[in-house]
Amino acid sequence: MFRNYLNLPEILTQVYLNKYAILLILILIKLILLETSILDNLNSVLLDNSICDNGEIQPVLNTVHYMIVDSLQTLEAAGIVSIILTLKVIKQLALFFIELFFGTYICLLNAALKGSTEVALDASEGVIRAVNATVVSATNDIESALKGLSSIINDLVTGFNAIKNMFTGSKSDPTQYQNKINITLGDLKSKIMIPSEVLTKLDNFKNSSLYGLSQLGNGTQTIVSTPFELAIKKLNTMKSSYNFTTGAPSPINFREECLKDMSKLKDVQTDLAKLVEKISKWLFIGLVLAMVGSILYVSYIQWRHWRRMDKFISETGIDKEVQFRNQYNIYNNFLIYTIVKRMGIELNERTIWMLSFMFSKISRNVFFFGIMGVVSVVAQYILLNSVQSSMNNHIKSFDITSNSTSMSASTIYLRDMNTYIDDTQDKLNQELFSGIKEISVSLNSTIVEFLDKLNETLSDIFGSTPLAGPINTVVYCTIGRKLEKVEKGLTWMNDNLNINIPSISRDIEDGLSHMTFLQPQSVLARANKIIDLYRKSILLELYISLGLLGVWLFQIFVGSATLTIRYWNSTRQGNNSYAISSPHELSEQEKQVYGYPLSHPLIDGKDLTTSSSFYPTTEEKSK
């Protein structure tokens, strides 16, 4: 009878595929991959100079640097502006006090002297103009008479000349005497009249006689204000051309500072790599020894199980061991039992042996590990493919949204911040100086109104009397000039009393504009890279699962080779020798031919037909 079950040597050929060895192999593969990944990551992370090429850090460092420098520049500029304003205030106060005390006396003295000289000069000018008018009038009358006389004489001369020409036949110019008379009168007129240059000199003297006195006050103010003007001019020049960044340190260069530490990281990477390789080597040796131990353990378990089965067969008195083991193999293997017993499909003994070899307890572990791995890979691939497809759709939608956005976040921030600075400046000036400006405007209005009413009152009282001019002069010198200076001071204060908060500088704007912020599509792109990494790990799982299935399929080759060897051995033994076949029950004819075996009737009271250990004698047969 052909043996369809696996004997002990055939079982031991599969002990290297036990579940413990498979798990240890998977752990070993995991360890090897982890070691490779750690070494690669150490090289790529610790020794990768691209870490120092992070374009997101340098703009931040530049922005912080420019914010500090800009704050110092603002402080320096504010100091210069405050000094300029202080000098202007001191200058105006000094000029105001000069005007308050010294300007009054100069104004009154100027008015008094100017009034006296103008009276004298006006009188002289009146006399000269009267004399000239009289002389001109007289000379004009004389000139008219002379013109009449000249006409008569010219007529007589013309007549005489005509008579003379009748006798002499010559001609003469009739206007020669007339020209002589006219010229003589013109010279006489110019000699008698007072020259006009005298009046011009009087006017110039009147206008310039008090020039030095009027310049005395202006010179005093100029002497006082000149140092202030020079200082203010220098400060304005400094403010417009001063290089605030002189001496300021350069921004931190992230790449240079990062590369300085790369040599230290290289030493760290070398030490870590040696540590990983050393520990991995010992773990690898331990796992290999554990696999060898699992093979020995499973071999012992299979040998013990086979020995117990032999003991069971011998103790129960089973004389048909091959037949018993064949039946036991069919019932013990779930696949063969399902095909033969449940489905009723007849299989020959060699097919049953091959199925037993392919789906033994050891071999089917490899098969199920491989199948479950492939199923897991398919499920993970479906999940990752769905997630990646959805993520790509989201990336496209974000790209469309970002393209439709006209301004970046930094541009919006700069615009809003400048608007906030302007609003804060207006609000601060409004809260701090609005009351003062209202008071200054009110005082200016009051001063203007007071001066208008004062002039109207003086005009009503003195009108066009001779006292109107001196009174107006005295009032202007004592009151009007002071009020005008106060009015100018209030106007200057109203124009300059404000706080100017500087806007964000161009350097800070450039730094913020170069900063890259977190974008949804960039995050999704990174997640997409992670999915690609998972895809690679899934492919590795697929390779491992296919490798397990390949090992299981390799059992077909081993089983076929084993069957071939068994067939070759059985053929060779059949041709060379004969062997006693397995015992089986005799048929009725065989019992008659060989004699029916009987058991001894006195042994255990067994039925006489159930034992072949006692044969009857001839005498018993004859009976």
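Note: Cβ is positioned from N, Cα and C throughout, glycine not excepted.
Screening Asn182, Asn575 against Swiss-Prot annotations picks out Asn182 (annotated as N-linked glycosylation site). Cβ neighbour count for Asn455 (N-linked glycosylation site): 14 (other Cβ atoms within 10 Å of its Cβ, all protein chains included). Nonlocal intrachain contacts for the transmembrane segment (366-386), taken as residues 6+ away from its ends with a CB within less than 8 angstroms of a stretch CB, comprise 17, 22, 358-359, 531, 534-535, 538, 541-542, 544-549, 551-552. Taking all protein chains in view, 17 other C-beta atoms sit within 10 angstroms of the C-beta of Asn444 (N-linked glycosylation site).
Cα spacing between Asn444 (N-linked glycosylation site) and Asn455 (N-linked glycosylation site): 17 Å, rounded to the nearest whole number. Residues in the topological domain 'Extracellular' (1-19) partition by DSSP class (helix H, G, I; strand E, B; coil) as 9 helix, 0 strand, 10 coil.
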